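First the structure, in the form of structure tokens, and then the observations on it.
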Amino acid sequence: MKHYGEYKNLFSKLYEESQIQLDAKMSEHIYFKVGGPVDILLTPNSIQQVKETITICKENNIPFYVIGNGSNILVKDGGIRGVVIKLCELNKIECIGNKIIAECGALLKDVSKAATEGSLAGFQFACGIPGSVGGAVFMNAGAYDGEISFVIESAEVLDDNQEIRIIPKSELNLGYRQSVVMQKGYIVLRATFNLVNGDKEKIQARVDELTKRREERQPLEYPSAGSTFKRPEGYFAGKLIEDAGLKGFAIGGACVSEKHAGFVINCKNGTAKDVLDVIYHVRDEVKKQFGVDLYPEVRIWGED
């Protein structure tokens, strides 16, 4: 605990002791398994708790960061000053007719499972995406020719005025790895997905097919944040990186995956600096060789 010990009492009035972690290792909360500690990590179990937590942070000028499953975040080795609000406990999933209503912390694989069990088609693409609903809506996550914009009906968000709003799909401005939620810094609380009735066996078969493909082609045995770079227009990041001769390129304990060049992985107990050094080298080398700019898809937080 570094800078915000004086604020613990503020959060203690709102949280049980078990929901508060001081000087929490962020490496235990993100998929990359790297990064320094955060001053305070809070795990709310209700939307009201989330709202009140952010009010406290804003009133006391405490920096705060919101995570779901930590699958698309890299925390630097110096850690995070302030508060991390982890939404994993807000994970209810409800099926009503051909709609699924899921809270922000629900895992995409669990939403996909619920859809399959309810014989609802359209969410199979997300069966292997390791993120949560909140993060998926935030960045319009996608895979295997599917994305959130294809299935979402609306998102319930906490806006920058601490008001809860329901934003219809038409106003979410969903594009490639972007949304109005990202642009305005809103926090996703729930999402409603509009699916179609289908044949359960066929839906499961598609899930199985995508799961097998992912296992065969991606380095799932190593910590990573999935695809490291956004897809540059007209290209594939992994192909550019491979063509640049960077498969297997390593710095310290991080490297470009031999299995899929689009993944930077923590292959030998690396540090956040190792991961970032690999990312920046890959970016610079692809620019040098092909004149193409690569931008990280992973979000980078914290201090060096």
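Glycine is no exception: its Cβ is also placed from the backbone N, Cα and C atoms.
Since we're looking at a predicted model, the values are computed, not measured.
As annotated by Swiss-Prot, domain 'FAD-binding PCMH-type' applies to 33-198.
Sequence-distant neighbours of Arg177 (active site) (same chain, 6+ apart, CB under 8 A from its CB) are Met139, Asn140, Ala141, Lys230, Glu297. Per Swiss-Prot, active site is recorded for Arg177 (among others), and the stated evidence type is sequence analysis.
Residues or ranges marked as active site, proton donor by Swiss-Prot: Ser227. DSSP assigns Ser227 (active site, proton donor) to coil, not to a helix or a strand.
Just so you know, the Cβ of Glu297 (active site) picks up 18 other Cβ atoms within 10 Å once every protein chain is counted. Swiss-Prot lists Glu297 (among others) with the feature active site, giving sequence analysis as the kind of evidence.
The Cβ of Ser227 (active site, proton donor) lies under 8 Å from the Cβ of Ala237, Gly238, Gly262, Phe263, Glu297, each on the same chain and at least six residues away in sequence. Taken as a whole, the domain 'FAD-binding PCMH-type' (33-198) shows an average pLDDT of 96 in this prediction.
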